[in-house]
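To start, the structure under review is shown below, and the notes come after it.
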Amino acid sequence: MMAHNNNGNFSNKLRNDGEEEVKPSCSKTVSKIFPDKIYKSEQPKGVDATGMTCECGVFGAIACGDYPTQLDIAQMICLGLVALQHRGQESAGIVTSIGKSSKNFSVHKGMGMINNLFNDEAIRKLKGNLGIGHTRYSTSAASEVVNCQPFVVHTAHGALAIAHNGELVNCESLRREVLERGVGLSTHSDSELIAQSLCCAPEDVSEHDGPNWPARIRHFMTLAPLSYSLVVMHKDKIYAVRDSYGNRPLCLGKIVPMDAGYANIDDQLAEGWVVSSESCGFLSIGARYVREVEPGEIIELSRNGYRTVDIVERPDYKRMAFCIFEYVYFARSDSMFEGQMVYSARLQCGRQLARESPLEADLVSSVPESGTAAAHGYARESGLPFGEVLCKNRYVGRTFIQPSNRLRQLGVAKKFGALAQNVEGKRIVLIDDSIVRGNTIGPIIKLLRDAGAIEVHIRIASPPLQYPCYMGINIPTREELIANKLNAEQLAEHVGADSLAYLSVEGLIKAVQMNKAHVNPIKAGYCTACLTGEYPGGLPEELSW
């Protein structure tokens, strides 16, 4: 198998192979439930207690050719992070390198949204020909500047920067190993553990000619099976790393000349390379999607192009475990996974839902915007017309104060308005992507009934959430998940719907596979742990802090 570099040559690949608002997180201090034990963190300050929080976004960019480059790398990373803002809104950071010295990096990070953190002055100070960035949504225990990424550590071989999306299953054993070496840790973040783990060379690796970063990364990957996508920067190179289960997404893009058009990507000159959690921001910076980083793959990006330096295989009896909720909600709809656009997978979820749970109605609609693609799919498959019934208020902050019980009970009205002329006298099928705690859909149904709807049928374009996740998604404890208290019929009565039905697990998997590129079955597979309780790496260790 071969890989292109930017000058047209080839380099060898070295192988061995909804309803609730969902917001991002990547801290080890997340809500968990294991047999007979519950580990539960506090809810982030100012966050509505309705949904779940998910992973972060990572981004890296490097210019090709001689330095100094004409590309504004810091600005490109900033724009890339803006495109990933849906994956994290609490803190962000960018680290850049000139590429000629391993002693110093330029760093700017802090709490807040991308556009508030990175003004013109901040961008001007981020000099460099390569860099990495991170956007994050933390839990309350980790909502501090000290935990902002990328992390920068100073090693015997110079500065090392790392940005991490995911959560380490065996965080505790790694933590003990690092502390036993006499290394002090300044945070409880598992991302700092990764940085510290990379600072030491494996015992069986010779480094007489300098640090062997691919070998160090490989050694870490053998110690930590999942879950992570990483961008690691040292001096003049960036390493893009994805765990061997492929649980978290990561993809590669090619920066092309502004007049390149949409010709064959292989025929276009590379001005640089980018790596990102999602491809949705590539076009905004003049980049073109190339491919996903394969599970277990370590890609080295330099001024000469990119090459695969190693692939860490998972056990033969283990399948790939890509988080299926990336398709359901987390990813932006214009991102590409497995050779298909996320929007097309969500459309197929709606079609499959119509096959599994048909009914007679006058109108199909959605809870905007999370259920819109699935609602279009449901409408097309059922032959029912699609129409909007809810208008979303985009200017409502999360910390909205409810001054009275009456207004608190009508709280959904601050977020949505009903399009009465579309609703009155209609039997409505309302589609959403998921139900977590179930405390928002009821007020929405009441809003539609008050606007004149004669029937409201709820259809959910994913299976019921019944189990927590420990791989970077902060799903509420099992006791808080409404699907563990009420079945579909009971929940319909509880929220005031005429009927309620979920997409089946088998239907969800079938839908996301409908349009994806043909791949070797050995390389296919999804993590459905939050739906089925079947965890790809087993249960994690008990937290000791």
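Backbone N, Cα and C define each Cβ position, glycine as well.
Annotations in TrEMBL come from automatic prediction, not curation.
For C56, the entry in TrEMBL reads active site, nucleophile. For C323, C469, C527, C530, the entry in TrEMBL reads [4Fe-4S] cluster binding site. The feature Mg(2+) binding site is assigned by TrEMBL to S370, D432, D433. The annotation compositional bias 'Polar residues' is assigned in TrEMBL to 1-13. Annotated compositional bias 'Basic and acidic residues' per TrEMBL: 14-23, in sequence order. Marked as domain 'Glutamine amidotransferase type-2' by TrEMBL: 56-304. Taken from TrEMBL, the feature region 'Disordered' covers 1-26.
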Among C56, S370, D432, D433, which are recorded as recorded positions, the nearest neighbour of C469 ([4Fe-4S] cluster binding site) by Cα: C56
Rounded Cα separation (Å) that holds between C323 ([4Fe-4S] cluster binding site) and S370 (Mg(2+) binding site): 17
Pairwise CA distance, D432 (Mg(2+) binding site) versus C530 ([4Fe-4S] cluster binding site), rounded so that it is a whole Å: 18
Distance [Cα-Cα, Å, rounded] between C530 ([4Fe-4S] cluster binding site) and C56 (active site, nucleophile): 18
Pairwise Cα distance for D433 (Mg(2+) binding site)/C527 ([4Fe-4S] cluster binding site) [Å, integer]: 17
Other residues, Cβ within 8 Å of C323, C469, C527, C530 Cβ centroid ([4Fe-4S] cluster site): N247, I324, F325, M471, I473, T528, A529
Overall pLDDT for the domain 'Glutamine amidotransferase type-2' (56-304), taken as the rounded mean: 90
